[in-house]
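Read the structure below first, then the notes.
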Amino acid sequence: MSRLNINTKLVRRMLVGFLQDEIWKVGAKKAVLGLSGGIDSALVCHLAAEALGPENVHAICMPYRTSNPESEAHARLVAEASGVQFSVVGITPMVDAYFDQFPDANNMRRGNKMARERMTVLFDHSALYGGLVLGTSNKTELLLGYGTLYGDMASALNPIGDLYKTQVWQLSEEVGVPKPVIEKKPSADLWAGQTDEEELGFTYREVDELLYRMVDQRADTAELVAAGFKQEFVSSIYSKVQNSHFKRRLPVIAKVSGRTIDRDFRYSRDWGK
């Protein structure tokens, strides 16, 4: 049995309860999420529908003109399967208006801009519906820094941030995510033909095995190499995790007082509750 195997029924109950507790305790009843047509957002959509009722979940597909038409088709498929409220908001006019001033911008800049435009749409709809924005980044992406700061990494709550990609696949089977979404190659769909694993240079299953030992089991480099991982791979992943730490925390605040936010003023739960 793989170390990454999870009790999907138990984790399902935990995450449904998490969404209910965190959303209801602030007086909200609804949730908003971006539905890309990929497996991560599909899983969050199904969990939110189960936790809040599909009528209280607003899923928004936000295509750009180069987006694969299959992505929107799969987003619709997930919305139909989960029964949530679904809408499409194109981001082409907003993105192109900006890059008309910077026509030589590379794919990375354009992809980050798209992610941040989608973030603004989601938080605007959060205000419209009075719901919290749900994050859809998994643990693998968060550890590698494979996401856009204040873009797809921005949310009020993230129910799948402690699930490796391998575990996202497992739980998606449990909750009933449509097969075409589970079986397709992971892609952020930021430019034509882009796939996550080709861009990263390794498969999610390979890196998940390494990350689990490195992070969850705290294995050092010598132990990881002894377990069969190549030294170059271990060093590369360690660097990615280390260099992307700024994406996983609040902005660093210069300390000038007796109690500084995220330094001395830190609480595991809401202050005073």
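Each residue's number is its place along the chain shown, starting with 1.
Backbone N, Cα and C atoms are what each Cβ position is placed from, and that goes for glycine too.
As annotated by Swiss-Prot, ATP binding site applies to G34, L35, S36, G37, G38, I39, D40, S41, T136, K165, S187. For S187 (ATP binding site), the same-chain residues lying six or more positions away in sequence with a CB closer than 8 A to its CB are G38, N68, S71, Q194, T195, D196.
Annotated Mg(2+) binding site per Swiss-Prot: D40, E141, in sequence order, evidence recorded as sequence analysis. In three-state terms derived from DSSP, E141 (Mg(2+) binding site) belongs to a helical segment. E141 (Mg(2+) binding site) is surrounded by 26 other CB atoms, counting those within 10 A of its CB over all protein chains shown.
Using a 10 Å Cβ-Cβ cutoff, R116 (deamido-NAD(+) binding site) registers 19 neighbours. What Swiss-Prot lists as deamido-NAD(+) binding site is R116, and the listing cites sequence analysis.
Checked against E141 (Mg(2+) binding site) by C-alpha proximity, the binding-site residues G34, S36, D40, R116 yield D40 as the nearest. The DSSP secondary structure for R116 (deamido-NAD(+) binding site) is helix. In the three-state DSSP scheme, D40 (ATP binding site) falls into the helix class.
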